[in-house]
Amino acid sequence: MAGSYRVETIPPYTVLGEGPHWDIGRQSLYYVSLLDALIYRLDRRTGTVHSASIDGIRMATFIVPVKDEPDCFAIGDTGRLLVIRWDGKAPKASIVRELGGLGPEHVHNRFNDGKVDPWGRLYVGSMLHEDAGSPFEKATGSLWRYCARSGQLIEQDGNMYISNGLAWNKQTNKFYFVDSGANYIKEYDIDLDGNMTNGHVWFDFKRDGKSPGYFGDGMTIDTEGNLFVACFNGSRVLKISPDKKILQEIKIPAPQVTSVAFGGPNLDELYVTTAAKEFSGPQKDPAGATFRVTGLGAKGLPMNEIVLK
């Protein structure tokens, strides 16, 4: 039932928490603090949170495990895609190799959210780097698919403001994507090769052309096809049904809600990342914490590892 859920705060606080990924085998939540280039692992069995820095990177925009490469992860770093090695405990992780990156024509852009589809392919969005202007004003971003065979990024769609949440419905062959700057969710048809067609605005957060005061950010999907969307500046996560109805507003005790992922032994716990950076004015504790929401009566799907071999 709506309203019967419980929200638990998990420190430490991050500058810009993002990219939560639940690893079933390790029973751990991996996530990043984007602006200060830190990676984290919450060990659910012990409740301990480990963190690490990585020499040679400027940002950590997402983190996903690499299939069949123990302790290796793909991450986004400004305009580069990297493989790093981390045992999940040490205070330092190391760069193993570079997978690819944005070309010189995208020198003013950076990567943002990235996630792996049910077939092991990495999709990652780009946006205008904040050093080059406001990404809310310039739609220079794109949605990319990484081709492991060629090492190339293949553009799936362009003219994006702030690329954010990604989710796949394997039963319906649909893909969902949040553009935070435009403040809507787009829906695409997706084929077995990962190609996207028929992109269109599926859900608009604006009402009568006006912003609700928040915008969609990270996103995940449950077993019934409902989308769970983080609302930055909204202190909430929206549960949106396949027929575009808002079924539930999950209140989070921090304004800048950035992303979401289902986890736990039964994939029925919703993990929520937030930001402490003063994007919209001073932030008070527990802004920047990660939150665990239980009692939602929803279950997520296993998250995927990137296949590079």
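Numbering starts at 1 and runs along the chain as displayed.
Cβ coordinates come from backbone N, Cα and C, glycine included.
Under 8 Å, Cβ to Cβ, and six or more positions away along its own chain, Asp217 (active site, proton donor/acceptor) finds Asn164, Gly165, Val178, Ser180, Val229, Ala230, Cys231, Phe232, Val257, Thr258, Ser259. TrEMBL lists Asp217 with the feature active site, proton donor/acceptor.
According to TrEMBL, the divalent metal cation binding site annotation covers Glu18, Asn164, Asp217.
Sequence annotations record features per position, and here TrEMBL assigns substrate binding site to Arg110, Asn112, Glu130. Around Asn112 (substrate binding site), the C-beta neighbours below 8 angstroms that are at least 6 residues distant in the chain are Thr61, Phe62, Gly76, Val124, Gly125, Ser126, Met127, Gly141, Ile162, Ser163, Asn164.
The feature domain 'SMP-30/Gluconolactonase/LRE-like region' is assigned by TrEMBL to 16-275.
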Cα distance (Å, whole number) from Arg110 (substrate binding site) to Glu18 (divalent metal cation binding site): 15
Stretch-averaged pLDDT - the domain 'SMP-30/Gluconolactonase/LRE-like region' (16-275): 96
Candidate with the highest Cβ count within 10 Å, taken from the binding-site residues Glu18, Glu130: Glu18
For Glu18 (divalent metal cation binding site), the three-state class that DSSP assigns: strand
Span of the substrate site, taken as the largest CA to CA distance across Arg110, Asn112, Glu130 (Å, rounded to a whole number): 12
